[in-house]
Ligand SMILES: CN1c2c(nc(N)[nH]c2=O)NC[C@@H]1CNc1ccc(C(=O)N[C@@H](CCC(=O)N[C@@H](CCC(=O)N[C@@H](CCC(=O)O)C(=O)O)C(=O)O)C(=O)O)cc1
Ligand SMILES: N[C@@H](CCS)C(=O)O
Ligand SMILES: [Zn+2]
């Protein structure tokens, strides 16, 4: 029996998708940016979305009265929201901070822990104002608790990024003195959070959730002195629990294990006076002996995976939940998701499962998206409270679904398993670089500082409309293919006119760089409406990798061959690498991920071979997610780096010496994976570098990397057109840091999110800059 009154006895979730079941948030903000709606109209739509969300959670079974329903909305990004809350960014410049405008560049965007969500990086210096400046969490609490539309009140639990994580994710503002770290401002931040807590308490909020995922991530905290993190956590939560009139505090530590860093932070948090702790029991293990202080708290047990889409083994999870009280010494235990449900689509029922659109109907029974996961939480919480018999039918249904999945055709394909098992080091090894470089130079005859792009050209509304109409059956296969070929022809002609050296076909036929491949590989399913927020208003539909993977037919060859037929300059064959395909899919949980990676790598290896046979001289295998999957704990990283690098090398290892293999990485700081980048053994590596002013170039060189390098000189995430002078300066920097014979001139990333006007102008400047620097060599 619990020794304290449990918090959220009916179960809770750490957060819910914000984009809306029909991507209402995306449509609303994009309409506003386009000037089609006023700020007041946008506000009205977002309020309606927030209310619909919390009411949906009540309909799914969460308690409307006790703070079990999270208020986890954000108009763009929750880290930006925290920056506005603290006055680090002005509330009236919210979207400008996110996207840039005529007066300012956007904040940098980077990966949120090991997910495919991207947050905006706040900039904090010694003099940055930090004060309680925005009451959005209070307003959002009040609008649900006292709804103006007369609907049923919902007492929500505001969710805010915690102060320690906020500061650890921030970067030192330009001009900050050497050695300054945003964490140095902890006392100021804690004072401001204290005011927020007081305001929430005054508004009647019974709970607040402070998210502290940085506490499980060595990738974020590695630079701190021993004991510093524990001291910061202790100081923060001692101060915040001392705030008069505050709500009860739930500290959530999703994505990993609180206990396996340099300090046991579960013990540190348990020793504070916070009322509840949420731990991720999918990624981490519970304490194996009672933890001092936990007896006065509710342990919010993250037993339902918020990061994946598989239906849970409810019977096993319930057993785990039932053992937790005794095992950890927690005063009470309740059930939750391991992370926010931000990372999964809304509802399995939003898809059609009658087999008419190619989706395997068996999957419907194996999957749990956000709404199904809320139901799983509610079931487990009820089982914990009332006993397993009270939910016996649900436990049995979950077990039956798992058994069906384990034995279904396609889940294990012996030929695929045998081929992956037979891989050896020779399959992952190409000829020595010197030999390759000579063969490629002879075949390609490129000038110094060759110019190229990363692959995609603008995905115009016309392209997307053509695809939408093709998907609806209004446009025939032939008409769609013609439209895409016309786009390829246009992109080739434009690049020739601009004077680029290595061309691309522009990827117009790709809805998404991972989904496109998943649609053509056996072992994957794709959804029509399973959208997940990637950043701001941008979404992806992660494919579902459920079975053994193989390639029934070539996937890209016809497009590359067509593009090459239009020009005498080399056109790159363009593939997405195995790590990125896995990182941006929901991957099966019944086979080690390294084995899944080998299967995907073999499918790509066959594609490389077919491109080569079709005469392709340059093949690019993008791995933008290489850094994303890096385990958050240092001890887990070597094994990951070994399988991820090997899978890339298996994918590319069959290429002849005179085929130039490129790779591309973006969306990350590469400091932690420099050796792995070298280990990929690509002939040319293009990376995001413009915003960090080419910092990566000397870093790579110091690590011994001595092959082609294309540090992105144009930051394609900003709508600004870089001047020739600015590009020349960055290229000069790069060419001065390494052997200039190795340097390529290219943008940071693909151009799919840009418009043609800015793309054409920027590429013109890029070619001019490359020519200017070439002339100085
Ligand atoms: C490079 N990045 C990617 C990540 N993950 C991926 N899986 N893919 C990536 O490319 N992670 C890291 C980064 C994140 N960056 C981005 C950048 C851009 C987007 C983006 O623009 N997403 C689009 C949706 C893309 C897509 O699937 N397009 C479909 C169209 C789907 C659609 O919306 N159709 C409309 C109808 C359209 C019409 O009538 O005109 C509809 O269904 O209503 C396609 O092209 O077919 C976005 O809009 O959010 C994502 C991540
Ligand atoms: N080839 C892809 C890489 C994006 S990371 C593109 O150009 O969009
Ligand atoms: Zn990229």
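Placed from the backbone N, Cα and C atoms, the Cβ positions cover glycine too.
Automatic prediction, not curation, is the source of TrEMBL annotations.
Just one of 140, 207, 470, 584 is listed by TrEMBL for the same 5-methyltetrahydropteroyltri-L-glutamate site as 26, 116, 538, 539, and that one is 584. The L-homocysteine site recorded in TrEMBL includes 454, 455, 456, and the single candidate from 606, 610, 622 that the record places there is 622.
Mapped onto three states, the DSSP output places residue 622 (L-homocysteine binding site) in strand. Calculated from their C-alpha atoms, the gap between residue 539 (5-methyltetrahydropteroyltri-L-glutamate binding site) and residue 507 (L-methionine binding site) amounts to 18 Å.
Long-range C-beta contacts of residue 116 (5-methyltetrahydropteroyltri-L-glutamate binding site), restricted to its own chain and to partners at least six residues apart, with a cutoff below 8 Å, comprise 343, 532, 534, 540, 542, 583, 584, 625, 628. For ligand 2, none of the recorded positions lies close by, meaning a CB under 6 A from one of its atoms; the full candidate list was 26, 539, 584, 688, 717. With a cut-off of 6 Å between Cβ and the nearest atom of ligand 1, the binding-site residues 116, 538, 539, 584, 622, 688 reduce to 116, 538, 539, 584. Taking the Cα atom of each, residue 688 (Zn(2+) binding site) and residue 717 (active site, proton donor) are about 10 angstrom apart. For the L-methionine site, whose binding residues are given in the record as 454, 455, 456, 507, 622, the maximum C-alpha distance rounds to 13 Å. The binding-site residues 538, 664 differ in how many other CB atoms lie within 10 Å of their CB, and the one with the most is 664.
Ranking the recorded positions 26, 717 by other CB atoms within 10 A of the CB puts 26 at the bottom.
If you take the Cα of residue 455 (L-homocysteine binding site) and the Cα of residue 538 (5-methyltetrahydropteroyltri-L-glutamate binding site), they are about 19 angstrom apart, rounded to a whole number.
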